Structure formats: structure tokens, C-alpha cells
Amino acid sequence: MLRRLLARPQSTPNALRRTTLPAAGPRPLRHQSNQSPSSRSNQPHGTPPPPPHHAHETRPQKTLRYLNPSAAPPLLARFPTLHLLTRICTLFLAFFITAHIFMEYFYILTAAYGISMLPTIASSGDWLLISKYYRRGREVRVGDVVSYKLPLKPGENGVKRVVGLSGDFVEVREAVIEEGEDGRKVMGSRPRCLQVPQGHCWVVGDNLAWSRDSRIFGPLPLALVTGKLIAKWSWSSWVPEWGRVEHGLKPAEEIDWEVD
């Protein structure tokens with residue numbers, strides 16, 4: 001009995017158990033590869049493994065679809081009515097700018113009024129197509145019908161025919177009061193010839209008796225010419241008529257130089 005007690009190791013309930021902890025330091029990184037064991041065994045030793053591939057990783061699309069309100073900016077997407085109003089205002093602004101450029105530098109369609117250009121242009125119902133290429137008198141010839149800014153009425157335009165350019169001589173009949181045979185005073189006219197100054201033109205209406213033209217306000221500065229009439233659109237009948245406005249003057253003859 002004594003031998004068994006000496007051979008058994010002594011153990012007390014309060015004895016502390018020693019445990020061995022690993023040394024402090026960074027843990028080695030472990031890479032989990034999705035490759036199969038067969039393909040993993042084929043890689044040579046010392047070759048680093050390929051980077052992991054994420055199937056769900058995609059590049060964000062940087063496109064804005066303004067036609068879809070949900071893809072619009074946050075403020076416009078929050079208020080669809082404001083988004084629609086913004087698009088309408090943008091379209092109207094683009095149309096206004098395009099129309100302004102077209103009418104300022106290319107063509108303009110305007111309605112005719114007045115009887116000063118009868119019978120070439122009707123007093124009403126005719127629409128005139130005016131080319132802005134000839135503004136400021138560019139390439140304007142004698143006989144052309146031009147539009148211009150009225151010198152005596154700012155803000156209004158007129159249409160007359162050119163009968164003289166810079167350096168040309170034109171005949172003007174001045175109104176005078178003469179004494180008749182019976183002693184009464186009557187209205188008469190006296191011809192006078194004058195030269196058109198540089199940078200000006202002389203314009204008159206085809207209906208001379210009812211036209212206010214250069215015979216009243218004098219030579220017209222070429223800077224006031226806004227265009228040339230190239231065609232007219234008439235609504236005198238049920239079917240509109242479209243025609244070009246041709247040169248309306250004829251060469252002078254000897255009989256035209258005779259003075260009454």
C-alpha cells in the first residue's frame with residue numbers, strides 16, 4: 001500500500017495548469033483560391049497566385065438619360081412637372097434663337113400693305129420674301145425692289161424700287177405754283193436733274209402719284225437697306241400664287257428725254 005502511494009504523482013486541486021501560447025506577431029496571410037486542386041497543382045512553385053476575380057464587379061455607367069425622369073438630376077427627378085417645364089422652355093429658347101438668326105442673316109417673310117407699289121405689289125394679301133444677303137446695299141442694282149428703314153419714321157420699313165445708285169443722275173419734277181392764262185394760280189411741275197451722292201441710292205414707288213419716296217426724303221443711305229425682294233406670295237385667289245419679282249425698268253429712249 002505504501003508503494004502505490006509513492007508511485008502515484010501528487011496532485012492538488014489548486015494546482016495551476018501550464019498552457020503553451022503561440023509567440024506574438026503577425027499572422028501569415030492565407031489566400032483562398034477558387035481554382036481546383038488539379039489546376040493548383042499545375043502551377044510551378046514560386047509563382048504568385050492570380051488576383052481574385054469578383055463576378056459581380058461592374059463599371060458604373062456614366063450616362064444621363066433625360067428622357068427618363070428617374071434618370072434626371074435629383075431635383076428634376078423629384079418634381080416631374082418641373083422637369084417637363086424645363087424641357088419645354090429649352091425647346092422654345094432653341095427655336096427662338098434659330099428663328100432670330102435665320103431672319104436676321106438669311107430670309108424674312110413679311111406682309112405687304114399700301115398702294116405705293118401698285119401694280120407690282122398688291123395693297124393687301126401679298127406676302128413678300130426678302131433676302132437679307134443684300135442688306136446695306138450689297139450687290140443692289142438699278143431696278144431692284146429693296147426694303148429699307150424709313151428715314152422719317154424710325155421703327156417702320158418700306159419697299160421701293162431703286163432707280164439710281166451713287167454717281168447716277170436722276171430727274172426730279174418739283175411742284176411749283178404757276179399763274180394761269182386767266183390769272184388764277186395753278187399747280188405745276190418743273191424738272192430738275194441731280195446726282196446721287198456717294199453711299200446713297202434713289203428709290204421711288206411704281207405708283208408715282210401715291211408714293212412717298214426719295215422725292216420727299218431725298219437720297220436713301222445704303223446703310224438703311226435691309227434686303228432685296230426676290231419673290232412674292234399672293235392670296236388674291238383660292239390657290240396661292242408664288243412668283244419672282246423681276247427687274248421692272250426698261251432702257252431709256254430718245255422720246256423719254258423730251259420735256260413737255
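Keep in mind that glycine also has a Cβ here, set from the backbone N, Cα and C atoms.
Copied over from TrEMBL, here are the features:
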- SER116: active site (ACT_SITE)
- LYS160: active site (ACT_SITE)
- 31-45: compositional bias 'Low complexity' (COMPBIAS)
- 91-233: domain 'Peptidase S26' (DOMAIN)
- 1-60: region 'Disordered' (REGION)
Long-range Cβ environment of SER116 (active site), under 8 Å and at least 6 residues apart: GLY158, VAL159, LYS160, GLY205, ASP206, ASN207, TRP210, SER211, ARG212, ASP213
Stretch-averaged pLDDT - the domain 'Peptidase S26' (91-233): 89
Per-state residue totals over the domain 'Peptidase S26' (91-233) - DSSP helix, strand, coil: 31 helix, 62 strand, 50 coil
CB contacts for LYS160 (active site) [other CB atoms within 10 A, all chains]: 23
